[in-house]
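Engineer: Let me give you the structure first, and then I'll get to my questions.
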């Protein structure tokens, strides 16, 4: 019954063969148990642990695709459910009688913030009216179409986008900071992962493991949780690329990597540890050798001296004459200014006056051979400019004023 309920065997009303049952015991893999294919004591004990009611079916294949994408740089066809907007609303429909609404709302807000920090998604509570994601407490079978009513070890379940619902067992003892009962923050954070489109994870300490983690001192989100949500909502293999001296910096979501001229890689490193006020999922980044400052862009521009945000920043792009949400930015020595690409046009920012130069923006066709949508740029010491989009690069010669080479950066650029 357990294996049928959680998606390991299909409920087709026939007696399952020994081979089917042994195959289904691969549930041990998702539960990080030794894979014996037998209903041993450890497996039976694991089956009785509190867990999420969402089916585990398909989780192994999706996880394998996710890890494969990390090592090959290839993205699989996006067939999974996801939200197609950045700003989502949520609503707490009801709550346990032994907890105050205020404390529940704080726990729920913190759980959403956990995912916002690494995905670039923005969540806002909508106390009244319609909401994208609704959280509610029910008892037993509550006619929501799910076959996993609150019985046995199931504490909660959720639905993938865009149904946007998470249901919790009202009969359970919920707690916010005590040791007796189930921690509402941890369970809510897990179920929110499902409402964003995430499946269960086989990584032992992942928040999206089918078995709820206990609240402790360790980080709540594992590397696998972060990669999973970023592969859904952080477009492309990276958010931005820039270069400082001989070191390439690659930004993605909440982290960045540093690549030396010899090809040594450091990271992933947390963004907030180096640039504490910088938002996640930046859209363009550039280091300027003119003033030795860092520039980061989204709807606003952040400027740093080292790791310190300069006074008066961030500033609205529109007040600088720049487009919102640019594709990429780079310091271009032949002009002596910052160049910002956006769609079919480009702007030029004077770093001394912090205003766009006259007669801009202009058409991107000035950059002969450069495509639209590049999201990373490097200016080499010899003056050559490299632009990136997904797995491809374009080398722009400032003397010939055109692209002189293009290809796959992972194969053809030794310094990456």
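Just so you know, glycine gets a Cβ as well, placed from its N, Cα and C.
What TrEMBL records for 191 is active site. Summarising the annotation, TrEMBL assigns Ca(2+) 2 binding site to 132. Look at TrEMBL and you will find 172 tagged as Ca(2+) 1 binding site. Here TrEMBL flags 79-235 as domain 'Peptidase metallopeptidase'.
Burial and contacts for the listed features, if you can.
Structural biologist: Cβ neighbour count for residue 191 (active site): 26 (other Cβ atoms within 10 Å of its Cβ, all protein chains included).
Taken residue by residue with DSSP, residue 132 (Ca(2+) 2 binding site) is part of neither helix nor strand, so it is coil.
Counted within 10 Å of its Cβ, the other Cβ atoms near residue 172 (Ca(2+) 1 binding site) come to 19, all protein chains included. Mapped onto three states, the DSSP output places residue 172 (Ca(2+) 1 binding site) in coil.
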Engineer: Would you mind reading off the Cα separation of residue 172 (Ca(2+) 1 binding site) from residue 132 (Ca(2+) 2 binding site), to the nearest angstrom?
Structural biologist: 26
Engineer: Reported as an integer number of Å, what is the Cα distance between residue 191 (active site) and residue 132 (Ca(2+) 2 binding site)?
Structural biologist: 14
Engineer: Using a 10 Å radius around its CB, how many other CB atoms surround residue 132 (Ca(2+) 2 binding site)?
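Structural biologist: Residue 132 (Ca(2+) 2 binding site) is surrounded by 19 other Cβ atoms within 10 Å.
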